[in-house]
Amino acid sequence: MDFEPLPSAAGDATADETPPGRAVCSSGCGRPSTVCLCPYLPASPLPTSTTVVILHHPHALRRNPLSTLPLLARSLSNLRLIPGRRLLPSSAPLIAKPVLLLFPSPDAADLASWCRSTPPPARANPTLLLLDGTWKQAKEMHAASLSFLSSFAVPVSLPVDCGVDGDSMFEGELVVKKEPHKGCMSTMEAVARALRLLEPEGRGAEIEDTMVGVLRAMVAFQAEHLQHRPMKPRVKMRKKKDIKREEEMKRDARLE
């Protein structure tokens, strides 16, 4: 499978769901003009010694208006995107070693610990591989790709506490949506945190700050929108036996 470029902003989910007549930014981010992120994006995509490769679920863009992939594509120059549900052996020649699979699996080493214990020559110009989708999709993609990836990829992760519930958008300034566990994060934040550790000569901190600034602005716009959006009351779901009991009570009342 060859690397495919990210679809233009006009074809992603955010733009597709823009109501007719609403002005859309055409100079960079492709978002509605009222929530344009161009002032927060780098003037040009940031170069990195790390090659970031993202296997993204086919639905990640079309059905997820909060996907951070479009912003990643406009933030990093050394980024490759592969649409699919699993990584195929045909992609191997396109991935330079060493390959770090960033995914919170039980056998994954802490990325910071891996960087400290690995000599600089052995971790120079790495490939950082991530799986993008819902957490359920990512787990399925990981399982489907593991037999191939286990032959060459080093499993690493950022700290995640599975014993603590994750934050929601209103509890964290970088949380795009409710996360299942403490430490879980969006793809863009995960890339930013990883590049801080992987990039040489202190460049990682600068790259992280820029990417986090874009993500923080996106979350702030979304939180502001949700706070002012009228919420429809949820329909109370009733059990069939309760409905049947109410019907019997009404029928008995009519017969009295």
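Glycine residues also receive a Cβ, built from the backbone N, Cα and C atoms like all the rest.
If you look up TrEMBL, you'll see 230-242 marked as compositional bias 'Basic residues'.
Cβ atoms under 8 Å from those of the compositional bias 'Basic and acidic residues' (243-256) belong to no residue of the same chain, restricted to positions at least 6 beyond its ends. What TrEMBL lists as compositional bias 'Basic and acidic residues' is 243-256.
Positions annotated as domain 'DTW' by TrEMBL: 21-227.
The region 'Disordered' annotation in TrEMBL covers 1-23 (among others).
Residues annotated as region 'Disordered' in TrEMBL: 230-256 (among others).
Helix, strand and coil content of the compositional bias 'Basic and acidic residues' (243-256), in residues and according to DSSP, is 13 helix, 0 strand, 1 coil.
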